[in-house]
Amino acid sequence: MSPKTETKASVGFKAGVKEYKLTYYTPEYETKDTDILAAFRVTPQPGVPPEEAGAAVAAESSTGTWTTVWTDGLTSLDRYKGRCYHIEPVPGEESQFIAYVAYPLDLFEEGSVTNMFTSIVGNVFGFKALRALRLEDLRIPTAYVKTFQGPPHGIQVERDKLNKYGRPLLGCTIKPKLGLSAKNYGRAVYECLRGGLDFTKDDENVNSQPFMRWRDRFLFCAEALYKAQAETGEIKGHYLNATAGTCEEMMKRAIFARELGVPIVMHDYLTGGFTANTSLAHYCRDNGLLLHIHRAMHAVIDRQKNHGIHFRVLAKALRMSGGDHIHSGTVVGKLEGERDITLGFVDLLRDDFIEKDRSRGIYFTQDWVSLPGVLPVASGGIHVWHMPALTEIFGDDSVLQFGGGTLGHPWGNAPGAVANRVALEACVQARNEGRDLASQGNEIIREASKWSPELAAACEVWKEIKFEFKAVDTL
């Protein structure tokens, strides 16, 4: 090769392995408004300095590989590389550190949660230099937020569609989740809706099984909600689960739901995948369907304190990918959820602007600009005695979903729905009158049960039921 045609890469190239921190640990770096910022909980292997571990995360999730390569000279690594710009120890934990990494926006495809996660968490979690790694939070810059459609409709549009204001919405997951015929399933839906619930729900694993094919379920559920609407004068919905084995089949189910005129469909966004979810969210906006999101499989990813991805990151990703509701934990029921941490990501779902607040696990200030909000869904092991706490914790912009807490009523589904609706209305009225739900909640429920035999029966059945376990997800 003559000197005239010699490439930059062949000048000064030296093969071999060098420490990541020499290139990717840059404590002097000042982050840009356009950077995606990540907070990783890093547990290095014994003998690995935290700076090297943090730099390795930055390298392996951006431009780096295990050895020096001559093609590095063909591009500007300083422009494209991730940078570990700050490391701090985790209080009370041995050999755990929070490593802050900044990624240039050019590393990511516009409007693609799939590509964002493939880059940031795709390969680095199996890295040998780390004993464990957890992505605690992401700061999504407004320049990147604006490339996403986000939720199909958002909180205000949903309330306008349903004509329901000033209170949380009420739902119920139909049980048993598997085994019912389509007609019996539709009957259970009708009983719940006519009793006063706003929504009923397919469970996450109800797709199209031999005992109940999806088309039969959609037809009987549509009949049930139209009948309940006619009797109550309220708009009703059933989350018809469109999740399927292929994107084409998923879209076929969503199209059929739209043809039936129902207001809402459902998707399991983690098992279904972000590409499928974003496609469905776009269809729902274009065709006036609300989209309920179930987070099946989330605990596989987020339950371990030192490894995986925290749910606040999955919640942010869902808001970008698209969904009008998402399950968020209850704080008081049978499923995981510590109060301050749960409310931290509930605010990340609902609000336009969220300040950094480490006491709630929020590592970065997040500005969602014009992206619509998502309603958090409290579901799992809750019943009428929990209603005051749920109303106080989650406020009006939420969905409170009682499965067993409706269908387990001794008199049947409709009385179970009546009990929940009466309890909710009593709590909202008491709150509006200035009463303290936290201290007077049980008294409020007892007062309401005096004029509602359905609520009185529910109070008697569930008076001793508690789920008292220490939360795993702590700061």
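Numbers here mean position along the shown chain, with the first residue as 1.
Cβ atoms are placed via backbone N, Cα and C, with glycine included.
Over in Swiss-Prot, the protein carries these features:
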MOD_RES   Pro3  N-acetylproline
MOD_RES   Lys14  N6,N6,N6-trimethyllysine
ACT_SITE  Lys175  active site, proton acceptor
MOD_RES   Lys201  N6-carboxylysine
BINDING   Lys201, Asp203, Glu204  Mg(2+) binding site
ACT_SITE  His294  active site, proton acceptor
SITE      Lys334  site 'Transition state stabilizer'
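Locations of recorded Swiss-Prot features on the structure.
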residue	record	Cβ contacts under 8 Å, 6 or more apart
Lys175	active site, proton acceptor	Asp203, Gly403, Gly404, Leu407
Lys201	N6-carboxylysine	Gly171, Cys172, Thr173, Ile174, His238, Tyr239, Met266, His292, Gln401, Gly403
Glu204	Mg(2+) binding site	Asn241, Thr243, Asp268, Thr271, His294, Ala296
List, in sequence order, the residues of the same chain other than Lys201, Asp203, Glu204 whose Cβ lies within 8 Å of the centroid of the Cβ atoms of the recorded Mg(2+) site. Thr173, Ile174, Lys177, Asp202, Asn205, Val206, Tyr239, Asn241, Met266, His294
Within 10 Å of the Cβ of Asp203 (Mg(2+) binding site), how many other Cβ atoms are there? 18
Return the count of C-beta atoms lying within 10 angstroms of the C-beta of His294 (active site, proton acceptor), excluding that atom itself. 28
For Lys175 (active site, proton acceptor), just give me the three-state DSSP call. coil
Glu204 (Mg(2+) binding site) -> DSSP, reduced to three states, gives coil
